[in-house]
Amino acid sequence: MRRLNLAKSTRSIYLSLACLSLALHLLLAFFCLSILQTACILPPSSSTQDTDPVQHGSHPSPLDAGRPERKVQSSRPAGEDSFSGSEKKLTGGGRAAQEVKGRARLEALFRHPLYNLPRPPLQEDDWLLRVRTSEQTEDGEHEGYEEEEAISADSEWWSASEEEGYDKMDWTNDVDTHPPWLRFHLGITRWELYDRRDPNLDQLTHYLATQRILNAVQKTGGTQLKLLMSFPNHGQALLKPMKQSRQAETDVNLFYFSDFERHNAEIAAFHLDRLLGFHRVPPVVGRLINVTTEIREITTDHKLMKTFFTSPAGNVCFYGQCEYYCSTEHPVCGRPHLLEVSLAAMLPDLTLAPRRSWRSPWKRSYSRTKLAQWEKVPAYCDTVKQTPPYNRGTRLVDLIDMAVLDFLMSNMDRHHYETFEKFGNDTFLVHLDHGRAFGRHSQDEPSILAPLQQCCRIRRSTLLRLRLLSLPDSRLSDMMRASLAQDPLAAVAPLLSEPHLSALDRRLATVLQVVRTCQHQHQDVIYDDLGKYGEDQNQQPDGKNK
């Protein structure tokens, strides 16, 4: 009997413990559910009155300081954009703010006195082309106009207005009736291709980036593929296609004369030339074109047409005819139709404005085994200084300006340069063909600076601008980044990668060091092109005394 009572008591204890355990588990479950519910509460919509203080810029409550940050799970499927609308605005706003800041610094640079130096008033013979008035056209004996290459209403240049597909020309002496490319031609002077402050420059680049393409043919001459594009308003542009990605570097085992030409190098060269204050590179702009509708379907070049094909990946490709890289192994391909290109404004026709081509004294041998004379003779510049046209005027310092430009962008392919015949030897050098620049950012080529190193001569204005571009507030890489951001192709990808931009600062420091070495070794290093204006400046842009 006693054993039976003990068994009943033990059973009651076990039952009580089981109930207590179940109650504890239920309590724990309710507690966990309350925590999970709190963690999964989504932030309220911005349309509600109880808004998130962090998102809307208000300060959080002091009571929230010790609370752990709440993490919100996204309800979007995997692979979908995980940024909310507000986050997208914040991300885009940050980039836009950087671009605005870059533009502001670029505008401040161009307001600097070194970019607004006074020039003597332009005389009539300082303009490359002028529009004849009706009186001058009728007066065949007008002094200077029989020999001068001027545009007139009875010129053959006007006869193209009847060609199919072109706009009717109703141009007058009023500059407002002229298309941007014509205003560019009429703005060329003895001293520069364009005035940076001319509002037509923006109109010209916009026109190159947006005008309907009427025809596309391959341009003769040169070693690599390039096309001549025609527009309905009778303008033309030189096209160079994208051949390799922005990040690709030139193979170290490849000779300079075998390198690819790069479309972004042509664009960057224009911007760099403008930042240096030279204005000697024709305006260039980037553009996305459709190789099917804007080349293949409109070209009248049958030889070019025969080189089109569709790649195994389904991309429309062509290769043209040229000395290098015009084959099915090196095609130019769209993706599947769109292709990045550079479009350079054409200079006036040679029948209107003849140009003279000059062999550079520092031309390379373009040989795999031979060296040029300047590479073997350290005192080579002494001979150049005694040779016309380098023995007078500004031709030598013009050439050194060009060497500085080439060194900064690592362009070894400078064999010739051109000048307009009308201006004789007293004019600037036209900087053309920069497709092989910006090929390698990890290595510099000191031999490009040979003209500066051997002659130890440089313009004061050039040196002062170089020093200005070495300062933190106007660093060359930052100015280039801001300037290139204005190009249409910058919306696709930066025109120059960050390593290339960093290389600009490194090379600029090298140029300034070469000048300092020259000043330690020679007395007459600075060519003073500033005159009294330079004498009035007591400080250099870097704060050092002259």
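Using N, Cα and C of the backbone, Cβ positions are placed for all residues, glycine too.
The active site annotation in TrEMBL covers Asp413. Annotation source TrEMBL lists ATP binding site at Gln224, Lys240, Glu261, Ala344, Ala345, Met346, Leu347, Glu418, Asp433. Annotation comment: TrEMBL describes 308-523 as domain 'FAM20 C-terminal'. Look at TrEMBL and you will find 45-99, 135-157 tagged as region 'Disordered'.
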Exercise for review: May I ask for the distance between the residue listed as 'active site' and Asp433 (ATP binding site), taken between their Cα atoms and rounded to an integer number of Å?
Suggested key: 9
Review point. Could you give the maximum C-alpha to C-alpha distance in Å for the residues Gln224, Lys240, Glu261, Ala344, Ala345, Met346, Leu347, Glu418, Asp433 that bind ATP per the record?
Key: 20
Exercise for review: Could you say which of the recorded positions Glu261, Asp413, Asp433 has its Cβ with the most other Cβ atoms inside 10 Å?
Suggested key: Glu261
Point to revise | Distant-in-sequence Cβ neighbours of Leu347 (ATP binding site), under 8 Å, six or more positions away | key: His185, Ile188, Pro282, Ala353, Arg355, Val430
Exercise for review: Mind giving me a neighbour count for Ala345 (ATP binding site)? Other Cβ atoms within 10 Å of its Cβ, every protein chain shown.
Suggested key: 25
